[in-house]
Each structure stands twice: as C-alpha cells, then as structure tokens.
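Listed features, source TrEMBL:
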BINDING   G50, A52, V53, N57, S289, L373, D376, S377  Na(+) binding site
DISULFID  C155-C164  disulfide bond
TRANSMEM  44-62  transmembrane segment
TRANSMEM  74-95  transmembrane segment
TRANSMEM  116-143  transmembrane segment
TRANSMEM  206-223  transmembrane segment
TRANSMEM  235-259  transmembrane segment
TRANSMEM  279-300  transmembrane segment
TRANSMEM  320-349  transmembrane segment
TRANSMEM  361-380  transmembrane segment
TRANSMEM  401-426  transmembrane segment
TRANSMEM  432-455  transmembrane segment
TRANSMEM  476-497  transmembrane segment
TRANSMEM  509-531  transmembrane segment
Amino acid sequence: SKVELILVKEQNGVQFTSSALVSPSGQTHPSGEERETWGKKIDFLLSVIGFAVDLANVWRFPYLCYKNGGGAFLVPYLFFMVIAGMPLFYMELALGQYNREGAAGVWKICPIFKGVGFTVILISLYVGFYYNVIIAWALFYLFSSFSGELPWIHCNNTWNSPNCSDLNSTLLNDTYKTTPALEYFERGVLHLHESSGIDDLGLPRWQLTSCLAVVIVVLYFSLWKGVKTSGKVVWITATMPYVVLTVLLLRGITLPGAIDGIKAYLSVDFLRLCDAQVWIEAATQICFSLGVGFGVLIAFSSYNKFSNNCYRNNTESCSLWFVMLCMMLRCWVFVFCLSPGPGLVFIIYPEAIATLPGSSVWAVIFFIMLLTLGIDSMGGMESVITGLTDEFKFLHKHRELFTLFIVVFTFLISLICVTNGGIYVFTLLDHFAAGTSILFGVLIEAIGISWFYGVDRFSDDIQEMIGQRPGLYWRLCWKFVSPCFLLFMVVVSFATFNPPKYGSYYFPAWATMLGWCLSISSMIMVPLYAFYKFCSLPGSFCDKLAYAITPETEHHLVERGEVRQFTVRSHHTSSHHTAKQTRLQQFNG
C-alpha cells in the first residue's frame, strides 16, 4: 500500500507531521474515513447531468426567455454562466469530493459558516414540496393520453365553460374566449374554478393525490439505498430526454411556421437589457439550470472517489452535455409554439402536440420524458438526506427510515398544492422558495470558501485530489468576480421585488408576507448558526473567532496560538502566507 508522509512547515519554524494510508482505489480521504462511493463514474456523471438539466429547463427557461426579450435574455444568461455559474459549479463539486460530507458537514473547514449548509438543505426541501406536484401533474396527463382522442382538443367535455372555443375557431381573438388546453389544465385537472383564491383552497383532489402518492413511492425507492440505487435509476431518466427531444425536434422542424419560431427564438430585443428584472431572472435561472446552491452537487460529489478528476470528467463533460440539451430544448420550444406563460408545460406543449398526426402517441412520449426529468429533479431530496445524515450520525444507521420520513413529510405538505386552489400555493412556493434565498446562499458559500477558508488553500485541496491547481480564471472568479456578482444580485433582488400573481389573480398581503417568511426562514439559518457557534466556543472573543474560522482539524493549533489566519509576518519571513508542504512518498511491497 502507499504511505504518504506530509511535513507541514509553519512560518514560526515548528514542524508538524501527519501521515495517511491511501488506498489504491482512491476511496479513502486523508482523514482515513471510509465512505460509500458511486458504482461507476458514469453513474455520478448522469446524476449530475440529470439534476442540472431538469424540469427548470422545460418549466422555467422557455417562459423566461420569451418574456425577457427572446435572444436578448441569452446575453445576461450566458454572461452569468461564464463568470458565476461554471466557477460555482466546479467549486461545489470540489468541495463535496474533498470533504466527503453533505451540504452542512463540509463546513468543518470553516465552522461559523455551517449555517449556509442548513440554508441550502431547507431550500432543497422547499423546492421538493412543489416539484413533486409538477411530476404528479405530468403523471395525470400521461394517464389521460392513453385515449383515442386527447381530452384537451375539444370543448365538449363536462369541465368546459361556455367561454371555451376550439383550436380552429376564429373567435380566439376574443378576450373572453379560452382554449380547450387551458380549460383542461385549470378546470379539468386543477379544478381552479371551484376556488376563489388562496384563502379558499378546498380539499385535495383524489385523482391528483393518487398521482402524487405514486410519485412519492417512486421517489422513495430511488433514494432509500443511497447512490447505489439512484445511480442506476439515472441511466434511464437522464438519457431518455435526449432521445425524446431529438425525435420531437426533427418532427417539429417539418411543421408549417417552424422557421418563424426559430427566428423568434433568435430575435434580440436589447432594450429589455435595461430592465433589472431580466438580469435577476437570468441569475436565478443559472442556479436552477446548473443546480448550484441546492447542496445537491456537494452531496453527489461527496460519494466520489477522492482521486476522481472532478475538473476534467465532470465540469467539462457536464457543461457540454448541458449546453447541447438546452439549445435543443429551446429550439424545440420555439419551433412548436410562441405563446408565453407559466402554464407552458401543461397548456402550450399539449396544444402543440395535439396538432401532430398520432397525437396520443406523441403525448405519451412527451409526458414520459417529463416524468424522467422530474425524477432527476428530485435529486434535491438527496441533498436533504445526505446533508442531515452526515451531520447527525445516528441517522446514518437508519437511512431507510429517515428517507421514508422525509418523503412522507414532503407528501403531506404537497397535498396543499393538489387542492382546488393549490395552484396558488404552488405559485407562492415557486416565487419565494428559491429566489433571493438561493442567491444569498450561494453568496455566503462563495465568501466562506474564498475569503475565510482561502482560495489558495482550496486550490491546494484540489491539487491534492487531481494533481493540478485550478487556473487563474477559476481563482479570480472564486475570489472576486462571483462574490461581487452575487452580492449585487442579492441587493437588486430585494430592491426590485415584485409581488407574485397567477394570471389576473393578485395575492393578498398576508400571502406575500407568508412567502417572505418562507424565504427568510432558510436565509436566517446563516446568522442563527453563526451566533450559536460563536457562543458555544470556549475562550475570549479572539479565541472564539479563531476557533470559528479555523478548520476543525486545526483547532489544536488555536490552543498553541498558531492560527494560520492570524499569523503575524515579520520582515524576514517568507512572502508566502500559507504553510509550505513537503511530500515524501514511500512505497511498501
């Protein structure tokens, strides 16, 4: 076996040595801890891709792109992708892989920031409450597609109102007329007409509740054994969307008006770039598109082998695959339809599919794809489970029971969203669960790594894993560009807040306040935990501060007054502030 001896030479001349047995497979962290790993590298890769390229690209992006100036929206989107999205994506993968812990446990490197781990765990939990509902809707539509004629084509159904007008009707220009697809979603599926607002929800609909229960069962059996089961599920769920979208795109470009749709997708309204909301939505969408800020990337990468090349195998491959799918998806969206709206997936898409020959077959294929995307999206639950089981070790022994508790809890909360007025609760969750709070969480994460733990030290950790330090671009983004960008976006998002609405329905003030409470409940974990940690540490104010910002593995240095962050440099000391490391490698047998 390979024995690595590390001599750490501090600036005061005192030497400390540490050694670790490193297994040839690379599964063991220098701390000597054993941890479950992915069966194959491709399991991890598909899991990350599946979570990154998820429902957000079908549910959110096309609407945001059309709403915010078509091709103009791609300007801030791609700009933020380069200066913040990819650097933070890489940072989370490296952070999880090196520390082999979930979103909260990784902050043993800087204990005072552990609250941000609980922030991202709560955000993932909140998002799970309504992402489950999207999957349940997709399952309902899938069952409805197994019919000779799709139920959203005509107005002769029991749920239709007198205002319903068939797709080929010339009366659709009338403001009061509605399409069969719209009425099927709002009246046939949601029964929204039976609710007067968020204060009149009613009881859960049994059909949607049944679909939600099926989703929860599938979710449980995808997660209960950890990465050993979820790593196999993604072989189907992460690859099917590419096949389905390719087929639908090839069919779509042969339709009349397809070229007009692509032109609309590529058209640029640069005046929209003067609107701060466009930039905020682009920044938030980056978090959804790449999956940063949810703790999922940290959780997934924590199951990697320690020596896995998280830069080459993951960052480059995931970004390439991500861009390919997103460009395919967005072209497909604008080939088929030009109508914007938050009901895009369940109103406009079915409407477009209904125009195809053999529409029932295409509908079945599309909603199966939507289900697979949804199941991939629920990797957010892995962030919750991994984060809490790593933090509270007694839960690790009972992972199956704890997973059952989490999914049943999300099921009970999600029931509110399948009532007659459930779409109002859904809209409120979508607006507040992961907007400003996720930008705030990623900001604190970036500050903790770059300015307290240190970019140089973080780069050393990466070099220890993959044999090379990150380039200047990554280090500059981590230290300056990404934190400044995130700070600016958090401030602007507070300053330009727009209250939520669904169609023409505006939420009452109490509902907006409730939404803010939800958002703040995750963000407040950062100062609350920092206060708790600071008060629970021993010693004077300076001692407490030293313990709070020093990695837990170096707390013995605090007792000796040899804190890396507080070292005073004399005139004759080296210009390098960090410790010099000399590695002596010895091989036995």
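Cβ atoms are placed via backbone N, Cα and C, with glycine included.
Keep in mind that TrEMBL annotations are predicted by a computer and have not been checked by a curator.
Listed stretches 74-95, 116-143, 235-259, 279-300 were compared with the transmembrane segment (361-380); the greatest number of C-beta pairs under 8 angstroms is found for 116-143. Among the stretches 44-62, 279-300, 476-497, the one making the largest number of Cβ pairs under 8 Å with the transmembrane segment (235-259) is 44-62. Cα of C155 (disulfide bond) to Cα of A52 (Na(+) binding site): a distance of 38 Å. Counting Cβ pairs closer than 8 Å to the transmembrane segment (44-62), the top stretch among 74-95, 116-143, 206-223, 279-300, 401-426 is 279-300. Using a 10 Å radius centred on the Cβ of C155 (disulfide bond) and all shown protein chains, the other Cβ atoms total 20. When the alpha carbons of L373 (Na(+) binding site) and C164 (disulfide bond) are compared, the span between them is 31 angstrom. Proximity of the transmembrane segment (401-426) to the transmembrane segment (206-223) is established through 3 or more Cβ-Cβ distances under 8 Å for residue pairs spaced 6 or more apart. Considering other CB atoms within 10 Å as the measure, the emptiest surroundings among the recorded positions A52, V53, C164 are those of C164. Cβ atoms under 8 Å from those of the transmembrane segment (476-497) belong to residues 80, 83-84, 87-88, 91, 276-277, 279-280, 283-284, 435-436, 439-440, 442-443, 446-447, 449-451, 455, 458 of the same chain, restricted to positions at least 6 beyond its ends. Where the transmembrane segment (74-95) meets the stretches 206-223, 279-300, 432-455, the count of C-beta pairs under 8 angstroms peaks at 279-300. Cα of D376 (Na(+) binding site) to Cα of C164 (disulfide bond): a span of 36 Å.
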